[in-house]
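Enquirer: Pasting a structure here, questions to come.
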Amino acid sequence: MAIRSKAWISLLLALAVALSARAEEEPAAAAEGEAVLTLDVDSFDEAVAKHPFMVVEFYAPWCGHCKKLAPEYENAAKALSKHDPPIVLAKVDANEEKNRPLATKYEIQGFPTIKIFRDRGKNIQEYKGPREADGIVDYLKKQVGPASKEIKSPEDATALIDDKKIYIVGIFAEFSGTEFTNFMEVAEKLRSDYDFGHTLHANHLPRGDAAVERPLVRLLKPFDELVVDSKDFDVAALMKFIDASTIPRVVTFDKNPDNHPYLMKFFQSSAPKAMLFLNFSTGPFDSFKSAYSAAAEEFKDKEIKFLIGDIEASQGAFQYFGLKEDQTPLILIQDGDSKKFLKVHVEADQIVAWLKEYFDGKLTPFRNSEPIPEVNNEPVKVVVADNVHDFVFKSGKNVLIEFYAPWCGHCKKLAPILDEAATTLQSDEEVVIAKMDATANDVPSEFDVQGYPTLYFVTPSGKVTSYDSGRTADDIVDFIKKSKETAAPHHHHHPGATGIREGSRAEPVKDEL
């Protein structure tokens, strides 16, 4: 399927749910309290402008994880209201129709999403802390304090630096000058992701050389080489150094929540991605892990990220990529052009050779597609990857196509509505309503599918428009009648790069992830 950065984010949110160690039962929603501000599209901007630091939860009333968060968020808000100065927590029902513009503006891809608004909205960052009251309180107290803390002694370092987390320290001869200013700027930008400190003495730190030429940035981490240094204080270079150094050479995809931040970075990266999936509990795991780690070391100078995933924890990824458990052990490469390369039933001693073939351009991409249906006489036509271009772009017709997932509740609700609309338009030979299972078929690059259901309207001339109107049969029929072009049966073509996409996604969140 077409995989763009926002589509990856949708996958990441699904992975975050899969990695949650909390129980899945639905708790009762928290009683409405006064500590959390309730905002809507009319009051939002005024509230942001009023508060130098404000935290906002974007939620949906039907979202189970939002219900689970509600009492914790309320209790945290009560505790933080006593902080000096008070830390304000707010919430927005992003599922309410009038508030949809806020969800679009702030790129809300799933529920709940929490964002930190600093400097009266001039600086907006993702909340990446705990989801229970005490953890929320501790995390936000850190966020409202200085972006980097001074380390004056080894005892300070012991108190601030967690051996299981990444910690970034600037080592200076004095706390002034361009290097210090740039370091503090980067610390402010990345403070929701990492903890920062600054010191005059490298020997206060638990790892790394004590005798250093200052200034220097030292990054301490719980994986690979444990400590890396850089002397480049250019802001862009420092950001790049941190980005490259804060992901393991091989990311592990299992149920350990400590690995979740590395998974987020892995899937957010624009670099090609190699993913090895197998059963972690079986005997060959150790030999595969050793061989895969050696391959990652051998190709560390190539622009590619490596992940090893446990079958049990990777069901969301299997569903997303259309993989099957009986194909494991398997290795999948997703490159920057959305091409995929797959080797199923791979042996540990085949990994390096297969990766060399990839880098040498000798592998053939593969495409997920269900079989083309032999019978396709229902009102809503079934389209698969192997015939989508012929059906949508070369038919000379106006095609409304839905990209759906079989498990998606909103898709199930929409199905009879599309059937009704298709039946109403059945006598119009210039119009077709179709659907594609986006979990079993690769979506063409002409369509940006970020969630389910996603609908697009394609005209005979190749104009591609996202459908963001109402979800009744009458709404759909009216839209098609107003938007359709006169069919051109003798002018069939594939628009390719010249296809025009119009419209914006008014409903970025399509289902609870």
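Our numbering is plain: 1 for the first residue shown, then up by one each step along the chain.
Backbone N, Cα and C atoms are what each Cβ position is placed from, and that goes for glycine too.
Quick caveat, the model's predicted, so the values are computed rather than measured.
Straight from Swiss-Prot, here's the annotation block:
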- C63: active site, nucleophile (ACT_SITE)
- C66: active site, nucleophile (ACT_SITE)
- C408: active site, nucleophile (ACT_SITE)
- C411: active site, nucleophile (ACT_SITE)
- 502-513: compositional bias 'Basic and acidic residues' (COMPBIAS)
- 24-145: domain 'Thioredoxin 1' (DOMAIN)
- 366-485: domain 'Thioredoxin 2' (DOMAIN)
- N279: N-linked glycosylation site (CARBOHYD)
- 485-513: region 'Disordered' (REGION)
- 1-23: signal peptide (SIGNAL)
Enquirer: What is the one among the active-site residues C63, C408, C411 whose Cβ has the most other Cβ atoms less than or equal to 10 Å away?
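Expert: That would be C411, with the highest Cβ count within 10 Å.
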Enquirer: Compare the Cα of C63 (active site, nucleophile) against each of the recorded positions N279, C408, C411 and report the nearest.
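Expert: Nearest candidate: C408.
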Enquirer: Just give me the nearest neighbour of C66 (active site, nucleophile) among the recorded positions N279, C408, C411, Cα to Cα.
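Expert: It is C408, whose Cα lies nearest.
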Enquirer: Within 10 Å of each Cβ, count the other Cβ atoms and name the one among the recorded positions C66, N279 with the highest count.
Expert: C66
Enquirer: Reported as an integer number of Å, what is the Cα distance between N279 (N-linked glycosylation site) and C411 (active site, nucleophile)?
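Expert: Approximately 32 Å lies between the Cα of N279 (N-linked glycosylation site) and that of C411 (active site, nucleophile).
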Enquirer: I'd like the per-state residue tally for the domain 'Thioredoxin 2' (366-485) from DSSP, helix first, then strand, then coil.
Expert: 33 helix, 26 strand, 61 coil
Enquirer: Mind checking how the domain 'Thioredoxin 1' (24-145) divides into helix, strand and coil residues in DSSP?
Expert: 48 helix, 26 strand, 48 coil
